[in-house]
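> Attaching a single structure in structure tokens format; questions to follow.
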């Protein structure tokens, strides 16, 4: 792992280089995705079936063969070993409880003239959850995407998950059952995103698509954005640990691994005010890595994009963290609340030695879909609020129309919009009472 | 204006055709914008100065000549005629009051094991507001974009506004003064968006860019999305009026005009259960349009994309409105609250005859930046919440780590992520107490 020090004169440039990540979209991928989306929009099911045969090696006679209903999901749930079913249930209950607290509520008030102002909250009618398939099957991702939609009161949750060569994952389907998914299409890639965005003869059009996917899925989501809502387009996962030396070095090393094991471009950074502690963690890494089944990926990630940063003190550590705006921030320190209050930009803040990031990934309650690539500067974790929306409410009283009309008239004339002004002025004729 | 009836067998197809709007991005615009963004990212101020000379006919020796400071904005405010200054102040006060109600608040709770869960709210550090310049100068847009940022507590609000040939608009600058803008760069187009997104020697990098603009600005915002946050990319403005006949036809006609006068592709639709009322409004349109300075634009918009829709009753009117998901919805009916409760998708709902849309555009309080092109199905008005963000908070207690660790371990092993499991398991060794 690289070692940086804030005392180095070129620390700032070194940090920029460490965080740099090329998010540029590949033009060839973009063109391929544009063609697939266009084709699905034009030919519907027929196009989806063809791409599924070609990309997933799954030759289905019709969309019915690629559709799972509530009964299929319940059956998958029932087939699970007890300890897995119970773990899923525990996680779902905790995630649901946390996300209940995020629900937006409608509100309104009257001003002095009796004019009503407010905000009406509604849930989305129908959403699509994209779940990656094949080797990397993540039931936790099903819970984290579908449960907030369910808590929000979304009318219908549709899931798509590719099943290359027909291989289905029971835990994924069981998670869908728990999270209120009513229908699953075993399709994936850009064709699945396009089917959800435009609708086909079989796949109903949704209002928003969330969930992670590969480069084709990401490009397709960018393309259909506007026709439907999307969640963020995620970059590689990141963890930043700030440690004061009070948490065992082995624990911190394992937390860095748990980020690095995702893939070779994941980023794991440790910040501490003590070179000795950094060395301790480095030694723990060297000792523990050999037991890790995914050690090659971990090693590549730590070498590629990992770093240890020596700082003067914890205040400086927080300042560096705010510049990095990490997806996951662990405060492995005493009095973590005191330091959390200084953090302005982070997707999730894990406080104290017992709060491993992996507890948050699965079951603490908060969402594990978090802003990556410094986007915690301006965005938030996926939440219930992402499946609700607001409509402004205005009811101007006859008295209010007299006063507001004057203001609107002046400003509308200032902008050269005469009809705007006249519409306001017409309501100022006192003798017309509605 | 076209006339549709829900009783017509092809109503659904006719409605789709009416709402269809080609949002496809123009490849030539996209390429030009890509080059400009790249150039600004590489050469900074020098590139911005060149494009400003070329596109705005404004030859500035350096960026200082394109910079306005707080004092310049205050001076513009002081120069305004009294009635304009007062109208701006009234509007700003009402908008600010409404947006105060939208502020997100941090929260937290403890579970049974003493584990703390919560959400920490922070404001964005720095945002950029894009304001169109030239002929269409909209001070109201300055208020609607900058005031929510100010209410949210954004650290610094930067504004960009092109001043073709050096022509500045005092009302726009005065609105910036009122809304807490600290610095203005008189630049526009894709080069201004790129300068805000990447930063230059003079223009500081922002975290989010909001505000309307032309096709180049929209393409640039799409391109820099991810590096910074953006608000929506707006389509043409729309109004849908539902009328039961209780509001004077002249008022409704003028409200349709006030949308149509924006531009030739704006959309104005009237729904009523009475053909006679539709005829009355049609007659009012014919009579009133001749007095409108922008009658050519209004006529073009009403012919292109306007419509009258005859429905069976108000329930059906609400169902059609939900399908349209309009940016602005006027309920020109008795008991508007009763019908508003049936509306699931609309940017803003204007209730009762005295609530002209134009009052909402300028000064009622709610934001006039609203979801267009059916995106009210999944998105919300611009608000204070768009300038705040959430960080999840988790502090797992030693007791909580024992229970959560088991669940996380099972699920992590199920996903083949051993380091995730080990990180959780390490915290279950009871004798290590932090």
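Easy rule for this one: first residue shown is 1, then count along the chain.
Using the three backbone atoms N, Cα and C, a Cβ is placed for every residue, glycine included.
Just so you know, TrEMBL annotations never went through curation; they're auto-generated.
The shown structure was predicted, so the numbers you read here are calculated from the model rather than taken from an experiment.
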> The substrate site in TrEMBL includes A:259, A:262, A:328, A:361, A:415, A:420. Which of A:237, A:380, A:392 is also listed there?
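The candidate from A:237, A:380, A:392 that TrEMBL ties to substrate along with A:259, A:262, A:328, A:361, A:415, A:420 is A:237.
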> Most Cβ neighbours within 10 Å: which of the recorded positions A:262, A:328, A:420 is it?
A:420
> Which ones, of the recorded positions A:191, A:327, A:328, A:361, A:415, A:420, are Cβ-proximal to chain B (under 8 Å)?
A:361, A:415, A:420
> The record lists A:237, A:259, A:262, A:328, A:361, A:415, A:420 as binding substrate. What's the largest Cα to Cα distance among them, in Å, rounded to a whole number?
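This binding site's residues have a maximal Cα-Cα distance of 56 Å.
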> Across the record's NAD(+)-binding residues A:130, A:191, A:214, the largest CA-CA distance in angstrom?
13
> For each of A:191, A:214, A:237, A:259, count the other CB atoms within 10 A of its CB; which of these binding-site residues has the top count?
A:259
> Which one is it: of the binding-site residues A:130, A:191, A:214, A:259, A:262, whose Cα lies the shortest distance from the Cα of residue A:327 (active site, proton acceptor)?
A:259
> Would you kindly give the Cα-Cα distance separating residue A:130 (NAD(+) binding site) and residue A:259 (substrate binding site), rounded to the nearest Å?
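So the Cα of residue A:130 (NAD(+) binding site) lies 22 Å away from that of residue A:259 (substrate binding site).
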> Specify the secondary structure state of residue A:327 (active site, proton acceptor) as given by DSSP, simplified to three classes.
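Note: residue A:327 (active site, proton acceptor) is coil by DSSP, not helix or strand.
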> For the C-alpha pair, I'd like the distance in angstrom between residue A:415 (substrate binding site) and residue A:191 (NAD(+) binding site), rounded off.
46
